[in-house]
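Peer 1: The following block contains the structure, expressed as structure tokens.
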Amino acid sequence: MGSTASSPVSWQTAMKRAIRSSVTLRQMLGLDAETAPGAERDFPTFVPLEYFSRIRPRDPDDPLLKQVLPIAAEDKVQTDGFSSDPVGDMGSLVAGGLLHKYHGRALVVTTGACGVHCRYCFRRQFPYHDVGSQSDDYRPAIDYLRSATELDEVILSGGDPLTLVDQKIDRLMSELEAIPHLRRVRFHTRMPIVIPQRITDQLIDRLRQSRLTTWFVVHANHAAELDDAVLSRLAMLIDAGIPVLNQAVLLRGVNDDAEILASLCTRLVNHRVMPYYLHQLDRVTGAAHFEVDEAVGRALIAELQKRLPGYAVPTYVVEQAGEASKTRIR
Ligand SMILES: *Cc1c(COP(=O)(O)O)cnc(C)c1O
Ligand code: SF4
């Protein structure tokens, strides 16, 4: 199907070629022109062509488009209960971009860069520059990880850790491997979904050499995001023995429908990816129009349980500041 012959451009080139304005994005899709919303200044449009190619032209309701196109509703800044730090991350920042909220695992904000800008992102307001994780080769975070002997897992997050170049990932992995109590490293990344050629043999070889067990948690919200290019790169990871889980966010107008969620989960398990979490939206300023009622979410999960094998049904969770884990919604 589709692009079989030509090999893709490098992932760095893909980043450079990404669409960076809502006006251009609308034009390229044959949609009516609209002036860019104010919110686009603070959180610009960023859509790689690899992702763009999966969006249907001339359809303002396309579920992939809705995830990435800035719209006027984002400018409604004062919505009750929505804020710039909805999950209380700032209170859990320990050192140099390291978040230690949960027992046994800590999360490192490795970079502010992503391979796509998701309009509902809970870190769209995150002060990446102030937390200073990128500087000093993560020295403060590494020092913290070494001293916190209860930890056996480190989560590399961001932003997206796979926007770091291989040399940087290699150095970071080496530092982590030298910390004796760590056993696992987990990549929280949307890159395999948006710029799948980021998954290279070279990257996989580095991860396989590690004494740390590697897990991947990717992020797709709709089956249409999982095209052949994406599925073949996910298969490379899984064939290399790296487990891949998926987390999705429940989004109004994107996937708040039993049929759509069932086809996402089915496509994932058909290709050996485990549905992990379905997240209730984090209430970040500018994303209120994406929110789905928890009652609706519960009904959707009940419907999935009727239709799918147990392992194909994600756990429906919400992130609550101050809790010792994600909170399960039942
Ligand atoms: C979500 C999250 C984790 C990972 O939680 P799991 O339930 O283990 O997937 C870890 N640390 C922070 C700060 C998180 O937000
Ligand atoms: S890839 Fe993840 S961190 Fe980056 S904008 Fe999307 S949801 Fe946010």
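Note: Cβ is positioned from N, Cα and C throughout, glycine not excepted.
So TrEMBL lists these for the protein:
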{"type": "BINDING", "residues": "CYS114, CYS118, CYS121", "note": "[4Fe-4S] cluster binding site"}
{"type": "DOMAIN", "residues": "100-312", "note": "domain 'Radical SAM core'"}
{"type": "MOD_RES", "residues": "LYS326", "note": "N6-(pyridoxal phosphate)lysine"}
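Walk me through the surroundings of each of these features.
Peer 2: Taking all protein chains in view, 21 other C-beta atoms sit within 10 angstroms of the C-beta of CYS114 ([4Fe-4S] cluster binding site). DSSP assigns CYS114 ([4Fe-4S] cluster binding site) to coil in the three-state reduction, outside any helix or strand.
For LYS326 (N6-(pyridoxal phosphate)lysine), applying a Cβ distance below 8 Å and a minimum sequence separation of six or more within one chain yields TYR277, VAL317, VAL318, GLU319.
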Peer 1: Restricting to the chain of CYS118 ([4Fe-4S] cluster binding site) and a gap of 6 or more, list residues whose Cβ falls under 8 Å of its Cβ, or answer none.
Peer 2: GLN67, VAL68, ARG190
Peer 1: Relative to the Cβ position of CYS121 ([4Fe-4S] cluster binding site), how many further Cβ atoms are located within 10 Å?
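Peer 2: Step by step: centre on the Cβ of CYS121 ([4Fe-4S] cluster binding site), count other Cβ atoms within 10 Å, giving 20.
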Peer 1: Around the [4Fe-4S] cluster site (CYS114, CYS118, CYS121), what further same-chain residues have their C-beta within 8 angstroms of the site's C-beta centre?
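Peer 2: For the [4Fe-4S] cluster site, the extra neighbours are VAL116, HIS117, ARG119, TYR120, ARG123, ARG124, ARG190.
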